[in-house]
Amino acid sequence: MLTKPGKKLDSSESTHHTTSSNYPPLDIVHQTPQPRKEMQQKPLFDPKKMDNLIKPEPAGFTNHHRPNPSPKIPSSPGSNMTESQSNLNTKPNNNNSNNNSNMSSRSNSIESTSSNPSKPHTGGDIRWDAVNTLTSKGVQLGISDFRLLKRLGYGDIGSVYLVELRGTITYFAMKVMDKASLASRNKLLRAQTEREILSQLDHPFLPTLYSHFETDKFYCLVMEFCGGGNLYSLRQKQPNKCFTEDAARFFASEVLLALEYLHMLGIVYRDLKPENVLVRDDGHIMLSDFDLSLRCSVSPTLVKSSSVHAAGGGSGSSRPVGLIDEDAAVQGCIQPSTFFPRILQSSKKNRKAKSDFGLFVNGSMPELMAEPTNVKSMSFVGTHEYLAPEIIRGEGHGSAVDWWTFGIFIYELLYGATPFKGQGNRATLHNVIGQALRFPEVPHVSSAARDLIKGLLVKEPQKRIAYKRGATEIKQHPFFEGVNWALIRSATPPHVPEPVDFSCYASKDKESMAAVDGGGKKNNNGAGGGCSTGGGDNKPNGDCNDPDYIDFEYF
C-alpha cells in the first residue's frame, strides 16, 4: 500500500503526527497508508514580522450549544485561556449560566458517561440498543466493559481501537487519549473540544458518540466503527488512483451536507481531507477527527423571506421584496436546503416556484444565514496541502477555510493529487500563496467540475464561492445538477465495502488482555498522541497470533 507524506507542525514540538481518527479497513494491519499530517505552528508568511509566533488556541471556547468545559479535565500546564480567547472575534456566550445547571446530568467520573439523547438519525441503531441494555441495569460503562481487538489507527492526540462491548455482538471504535501526554503537550482542551462536539452532533454523515469515560490515565471516546476505511485508502485502489466524476460528486455531496450542518452549529471543521472521510459499511461517508475544529457562536439571520411573508412588504421599496440589506447581514449563508433542495434554486420570472411539499406554491422558501464567517481565529492548524491562504498569511480566518479545503478535496478526488503540492512543505505553502491554479490534461474532467474548483480555490476568502451564501450556493452549482439532496441517503454509493468478518474475534474472554506493566517501548515519532505502545517488533509478552490478544500495554 502506498503511503502519502504529510506533516502536522506544532510550535511546541518538532515531532510529526498523523491524523487521530483514521480507521483503515480491517484487512490492513501493518500497511495502512500514512495520512498527511496536520500542522499547528506560527505562520511562515507574517506580513509584519517573519519570526512572529502566533500561539495556537484550542478550538473550544465560545459556544451556545453545549455546557462549559468539564471541571474534570484540568487546564494543561502553560495554557492561557484568556490569551487564546482574545484571538477569536466572536460574540460572548450568554448561555453559560443556563448550561451549568445541566452539568449534573453529565458525568465525567472515572467510570463513564453514556446516554442516549433524542437523536432522530440514530433511531433503530443496534449500538444504542446494546448500550442502553447495559445502562438501563444501572451499569456505568467503563474500559472493563469493552474487549479491545485491534488498533485501527493513531494520530496526534490518541489511538483508535476496534472494540467489542462485552456480552454483546456489537462493535465500536474507541479513541484512547493519554492524559499525561495531552497535559505535557498542552492539548487537553483539544481532547475536550472533540468530546463536546461529538456529543452535540446528530447527522447521518457525522459520528455518533455512544459513550465517553475516563480512567486514571486515559480519556476514552466510544464511537461508530466504519469498516470501509477512508477515502484516501479507497482512492489508492482506483484506476489511476483517482475517482470517476460520478463517484467524486457522490462523496463531495455528502461531505457538503456534513459541512453545512457543522456551520449551522457554529463549528468550523478545519481538517477536511480524504484521510478524515471514513466509509461506512453501507458505502456512505462519515467525517471524523474534530480535535482541530473551531467552535463559535452563530445566529441565524433571515436573508430572504418567502413570498408569503413578503406579500405585506411596501410596494414603494426599490429593494427586491423579501431581501434585507446584504451589508447588514452576516457574511455567509446556510439554508435549510438539505431538506428542500429544489425550492431554493433561483427561478426564472415566468417559472412557477412549486414546493415538493406543497408549501409556498407561488413563492420560495426563506433563506437563513448561519455561516460563522465573522469569527477570526489566528490558529495555524491544518494540513500543508489543504491550508487556506488566509491561514498561512496569518490574517485570521473563519468558516471560509472549509470551502477552500472542500475545493482541494474535490480536486484530489478527481485528479489523484492536490494542486499546490511542492517539493517540501515550505514550497507547498509558497505555492498556495503565489501559484496559480492549474488543471492537468489527464484525466479528463468536465468544465463544470473545473469551474466549481476555481470558485472554491479563490485566494481571497471574500471572493470565494459560498462566502456569502454558504453551502446553498455550492449546491446550486452545475457540478451538482441532478443531485437529490433530500434523498441522498437513499442513493446507491459508488463503492460498498466487503462486510467485515468479526468471527476471528470470537470472544474467549481471556484475562490475558489485562494490563501489561512492562515490555512496551516509547514511540518516538509522536504516534498516538505520545502514547506508548507495544507495536511493531517490540511486542510485550503474549501470543500475538491469538485474536483475543492486543498489543497495547495499558489494558
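Even glycines carry a Cβ here, placed using N, Cα and C.
Now, the feature entries from Swiss-Prot:
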| type | residues | note |
| --- | --- | --- |
| ACT_SITE | ASP271 | active site, proton acceptor |
| BINDING | LEU152, GLY153, TYR154, GLY155, ASP156, ILE157, GLY158, SER159, VAL160, LYS175 | ATP binding site |
| COMPBIAS | 7-16 | compositional bias 'Basic and acidic residues' |
| COMPBIAS | 35-54 | compositional bias 'Basic and acidic residues' |
| COMPBIAS | 84-118 | compositional bias 'Low complexity' |
| COMPBIAS | 526-537 | compositional bias 'Gly residues' |
| DOMAIN | 146-480 | domain 'Protein kinase' |
| DOMAIN | 481-555 | domain 'AGC-kinase C-terminal' |
| REGION | 1-126 | region 'Disordered' |
| REGION | 514-547 | region 'Disordered' |
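Over all protein chains present, the Cβ of VAL160 (ATP binding site) has 27 other Cβ atoms lying within 10 Å. Counting neighbouring Cβ atoms within 10 Å of each of the recorded positions (ASP156, ASP271), the lowest count belongs to ASP271. Here the Cα atom of TYR154 (ATP binding site) is found 16 Å from that of ASP271 (active site, proton acceptor). Taken over all pairs of the listed ATP-binding residues (LEU152, GLY153, TYR154, GLY155, ASP156, ILE157, GLY158, SER159, VAL160, LYS175), the Cα spread reaches a maximum of 14 Å, rounded to the nearest whole number. With respect to ASP271 (active site, proton acceptor), the closest of these binding-site residues in Cα terms is ASP156, chosen from LEU152, ASP156, VAL160.
Each of the binding-site residues LEU152, TYR154, GLY158 was scored by the number of other CB atoms within 10 A of its CB, and the lowest score belongs to LEU152.
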